[in-house]
Amino acid sequence: MTADRDPSATSVDAAWLERATALSVNGPAYGPNPRVGCVLVGADGTMLGEGWHRGAGTPHAEPAAIADAAARGHEVAGATAYVTLEPCSHTGRTGPCTDALTRAGVAAVRYAVADPNPEAQGGGAVLLARGIDARHVPYGPAAQVNRRWLGAVEHGRPWVIAKWAQTLDGRTAAADGTSFWITGEEARAHAHGVRAQVDAILVGTGTVRVDDPELSARPPGDAAAHQPLRAVMGLGATPGAKVWRDSHAVQLATHDPHAALTELASREVRTVVVEGGATVTTAFLRAGLVDELHVYVAPALLGAGTAAVGDLGIGTMAGALRAQDVTATALGVDTLVTAFFQRGQI
Ligand SMILES: NC(=O)c1ccc[n+]([C@@H]2O[C@H](COP(=O)([O-])OP(=O)(O)OC[C@H]3O[C@@H](n4cnc5c(N)ncnc54)[C@H](OP(=O)(O)O)[C@@H]3O)[C@@H](O)[C@H]2O)c1
């Protein structure tokens with residue numbers, strides 16, 4: 001028995017899944033788990049309880065919603081659970097959500113995204129086998145919230161964001177190696193916000209030697225921002241560099257981007273932002289391992305210096321790597337261009 005995709009999603013389903021999706025974004029974007037929201041709705045259409053997953057080791061959205069209903073004094077037997085992701089059927093740091101929903105006596109489950117995680121998927125079928133009317137009701141915005149997490153699970157490796165700051169003529173450093181600062185404060189603040197949403201920041205040993213970056217997340221007004229793992233890729237030692245100030249840092253002693261990602265995955269990294277330099281960024285692009293681009297473009301020219309990206313082995317215009325879902329955002333005098341590559345495209 002499988003919980004088939006239900007083409008007969010109603011506007012009521014969409015409305016509650018919209019609410020569940022809004023709840024899901026309260027959870028952290030970083031960490032090994034997806035962001036999930038859940039709303040429990042009674043037969044008369046009353047909201048009985050709602051919850052979201054607050055990160056690894058804390059209750060999943062479904063038990064959180066069940067606990068919320070209990071706290072409100074509501075009985076959830078016979079209710080419908082609207083969840084942004086297929087309820088899990090496995091025991092990880094917490095127990096299976098399929099069991100929590102079954103124990104609570106819910107009559108129906110509508111989930112927006114089928115779980116691609118081989119360890120946790122199949123919860124819909126488990127619920128159906130127990131007589132619970134579980135259906136997959138595809139709802140795009142719920143998938144969008146977990147775009148990076150879903151990509152990481154489907155690719156079987158961390159989701160890679162390649163980020164750099166460049167001049168209008170595509171330089172990421174001047175002829176003398178300096179790159180502080182190409183862009184202005186607003187662009188740099190934005191980049192710190194992105195760092196606070198990922199599990200790891202990766203740079204090459206060359207960048208550590210030349211720039212000695214802290215690689216910390218310092219979004220304005222958030223002194224307690226989540227700090228990603230600092231990863232330095234390359235064989236050379238960089239003793240005394242700021243990245244080694246505490247143990248939340250790792251050297252990836254390889255030139256192979258696949259091996260680097262395998263090592264990061266073993267540390268529960270789902271999203272990594274590759275921040276250069278050009279040698280390392282080019283290696284990831286050549287290996288077809290970039291999912292998302294963040295390019296901050298400053299209205300400046302250098303004429304000489306380091307090119308943002310090195311040789312990709314492309315000899316003709318028809319071979320150009322073209323990204324999709326492009327957005328351009330003004331950040332002060334600078335512009336952030338974000339875009340995506342599809343799996344297998346590069
Ligand atoms: N504008 C920006 O956004 C931005 C960002 C970062 C850096 N930068 C600038 O970029 C410059 C540094 O760039 P970079 O390209 O020299 O340094 P890099 O990419 O940070 O590091 C290059 C080094 O990493 C190691 N490495 C790791 N993977 C490799 C691979 N697949 N192939 C070859 N080597 C690999 C090698 O050192 P080992 O011998 O140790 O293995 C190599 O020399 C600096 O001037 C910095 O200011 C600019």
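Cβ coordinates come from backbone N, Cα and C, glycine included.
Keep in mind it's a predicted model, so treat the numbers as computed, not measured.
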One of His60, His74 listed by TrEMBL as binding Zn(2+) at the site of Cys88, Cys97: His60
Per TrEMBL, Ser179, Leu215, Arg218 bind substrate; matching candidate in Glu119, Glu275, Glu292: Glu275
Those residues of the chain, 6+ apart, with a Cβ under 8 Å from that of Leu215 (substrate binding site): Arg195, Ile201, Val203, Pro228, Arg230, Lys242, Val243, Ala249, Glu275
Per-residue pLDDT averaged over the domain 'CMP/dCMP-type deaminase' (11-127), given as an integer: 94
Residue with minimal Cβ packing [other Cβ atoms within 10 Å] among the binding-site residues His60, Arg195, Arg218: Arg218
Sequence-ordered recorded positions from Glu62, Cys88, Ala165, Ser179, Asp211, Ala278 with Cβ under 6 Å of an atom of ligand 1: Ala165, Ser179, Asp211, Ala278
Beyond the site residues His60, Cys88, Cys97: chain residues whose C-beta lies within 8 Å of the centroid, for Zn(2+): Val36, Ala61, Glu62, Pro63, Pro87, Thr94, Pro96, Thr98, Ala100, Ala120, Gly123
Maximum Cα-Cα separation (Å), residues Ala165, Trp181, Arg195, Thr207, Asp211, Gly277, Ala278, Thr279, Val280, Thr281, Thr282, Ala283 listed as binding NADP(+): 24
The domain 'CMP/dCMP-type deaminase' (11-127): DSSP-derived helix, strand, coil residue counts: 38 helix, 19 strand, 60 coil
